[in-house]
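Input: a single structure, listed below in structure tokens.
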Amino acid sequence: MILALDVGNTNITCGVFDGDRIKASFRITTKMPRTSDEYGMLLSTLLERNQVGMDDIHDAIICSVVPNIMHSLQNGLIKYFNIRPIIVEAGIKTGIRIATPNPQQIGADRIVDAVAAYELYGGPVLVIDFGTATTYDMVDENGTFMGGITAPGIRISAKALWEDAAKLPEIEIKKPDNILGKDTITSMQAGLVYGQIGQTEYIINKVKEETGMYDAKVVVTGGLGRIISNETENVDVYDPDLTLKGINLVYRKQNRKGVK
């Protein structure tokens, strides 16, 4: 089985794949600094909790947007699993062509999202990932990555409100019953959630208009993607595991035999 690791700014999402099937998944907080031993032992423990033994993992692949933890994470896999993981980075085989002047500037997470959206749902496809940042990326019918958009994520926007406005509290991010808030909390929730819905619908329509790809599928992923996709008719698919699936698809293109 393959261990796929999606290293984001908030969490490391881990998926165990048996072929194209996700056998188990779990998360580790990214922000806490850890040693290679801590990563190795933590991964071993969490795998066991999900009925997966260390010896069941014969290879690993990492997709990361957080460079400063990569050394410890890679060494943890080498030391505890005897695996030198594949890293999703510039030059790796993905099956899609990146039609931008500087392909190396496109985040690894965006590439694997694009791979998964195109291979699983076909093109043209607009993939939206509601993570720490909200990203929109377009892939045409031939599998060409055309470009994308990066916007502040809902949590970043929320954090800016309660950190920079003295009287605004930290709140739970959820859809309120009405768009017109009746108090501070519900008015903040309305602004955050409905503001994101409005942004999403506008960008979807604008991308389709500029590209002329009005038949493009819209595929959504990310932690808060379910809230947004449930509130707009412009989204075709919500796939919470899209990024992990993309990492696994990229792994399978490398034709690498497992270490063990």
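The backbone N, Cα and C atoms fix where each Cβ goes, and this holds for glycine too.
Taken from Swiss-Prot, the feature ATP binding site covers Asp6, Val7, Gly8, Asn9, Thr10, Asn11, Ile12, Thr13, Thr132, and the record attributes it to sequence analysis. Cβ-based neighbour count (10 Å, all protein chains) for Gly8 (ATP binding site) stands at 21.
Gly107 (substrate binding site) counts 18 other C-beta atoms within 10 Å of its own C-beta, drawing on all protein chains shown. Swiss-Prot lists Gly107, Ala108, Asp109, Arg110, Thr184 with the feature substrate binding site, giving sequence analysis as the kind of evidence.
In the structure as shown, the Cβ atom of Asp109 (substrate binding site) sits within 10 Å of 25 other Cβ atoms. A helical conformation is recorded for Asp109 (substrate binding site) in the three-state DSSP classification. Taken from Swiss-Prot, the feature active site, proton acceptor applies to Asp109, supported by sequence analysis.
The K(+) binding site annotation in Swiss-Prot covers Asp129. Taking a C-beta cut-off of under 8 Å and a sequence gap of six or more, Asp129 (K(+) binding site) has these contacts in its own chain: Asp109, Arg110, Asp113, Thr135, Asp137, Val220, Thr221, Gly222, Gly225, Leu242, Thr243. Classification of Asp129 (K(+) binding site) by DSSP places it within a strand.
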Binding-site residues compared (Thr10, Thr132, Thr184) - highest count of Cβ atoms within 10 Å: Thr132
Neighbours of Gly107 (substrate binding site) among the binding-site residues Asp6, Thr10, Ile12, Thr132 (Cα to Cα, within 10 Å): none
Rounded to the nearest Å - Cα separation of Thr132 (ATP binding site) and Ala108 (substrate binding site): 14
